[in-house]
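> Quick one: this structure, given as structure tokens, is what I'll be asking you about.
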Amino acid sequence: MAYQGFAQEYLGMPAVTRAYTTACVLLRAASDGSCSACLPQQLEFITPFQLYFNPDLIFRKFQIWRLITNFLFFGPLGFSFFFNMIFLYRYCRMLEEGSFRGRTADFVFMFLFGGFLMTLFGLFASLFFLGQAFTIMLVYVWSRRNPYIRMNFFGLLNFQAPFLPWVLMGFSLLLGNSIIIDLLGIAVGHIYYFLEDVFPNQPGGKKLLLTPGFLKMVFDTPEEDPNYNPLPEDHPEHQPRGQDQNEQQHPQ
């Protein structure tokens, strides 16, 4: 029963959210970890050293997969991993089902745009994994598009949605983690939000982030022409059932 409920919930996830979270979980399962208690449950096909962002290995050794895997790996199983997965799933899904509903191509383009900017920054900084920054970017965009929603953080803090990325950064600081990753996610999220939501609505502004046509062809279903009038033979279900049966019983 629980399995059926989980399967129904999984299949009910929007496509991009399901693909991204599944890739993160599968990559975690396929890599070894530092916790020996977790090792029997993992496949141990790869190691984090084969996944992290390394410009030298990418451009000189042509290990192109690192451009993607560094966004999918969230460290060993533990509190930090599950915390990131929960936030990734929650806010990625709310974005896809909210402001990006019916605009899957635009959502994928946001992924590509954000990943591109983070990769450019990673070329000049010693950042090995950018998945957490990507999660913060999703949280930031969602929070700016839902500014009046009241949030509660572990029952301790009450605030409005736009403060959520900063609360998460403060939480990372309390855990002793570097806030560079969080700041990167906030910065990239703000750049996207400004170019997509703010600048086009300014006097003299215009939309600068245009989703490529090939993404729309792949991810968006074409809109039906409201003026198209299908031929009767295109809709056989509209024919009277009795007429069909009479024609079958009394062929001419």
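Backbone N, Cα and C define each Cβ position, glycine as well.
According to TrEMBL:
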type	residues	note
TRANSMEM	67-89	transmembrane segment
TRANSMEM	109-142	transmembrane segment
TRANSMEM	163-193	transmembrane segment
REGION	222-252	region 'Disordered'
COMPBIAS	232-241	compositional bias 'Basic and acidic residues'
COMPBIAS	242-252	compositional bias 'Polar residues'
> So what's near the transmembrane segment (163-193) in sequence-distant terms, Cβ-Cβ under 8 Å and 6+ beyond its ends?
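Non-local partners: 80, 87, 110, 113-114, 117-118, 121, 125, 127, 130, 132-141, 143-145, 151, 153, 157, 209.
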> State the non-local partners of the transmembrane segment (109-142) in its own chain: residues 6+ outside its ends, Cβ under 8 Å from one of its Cβ atoms.
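Same-chain contacts beyond the ends: 16, 20, 24, 51-55, 67, 70-75, 84, 87-88, 91-92, 94-95, 98-100, 161, 164-165, 168-169, 180-182, 184-186, 188-193, 196, 209, 211-212, 215.
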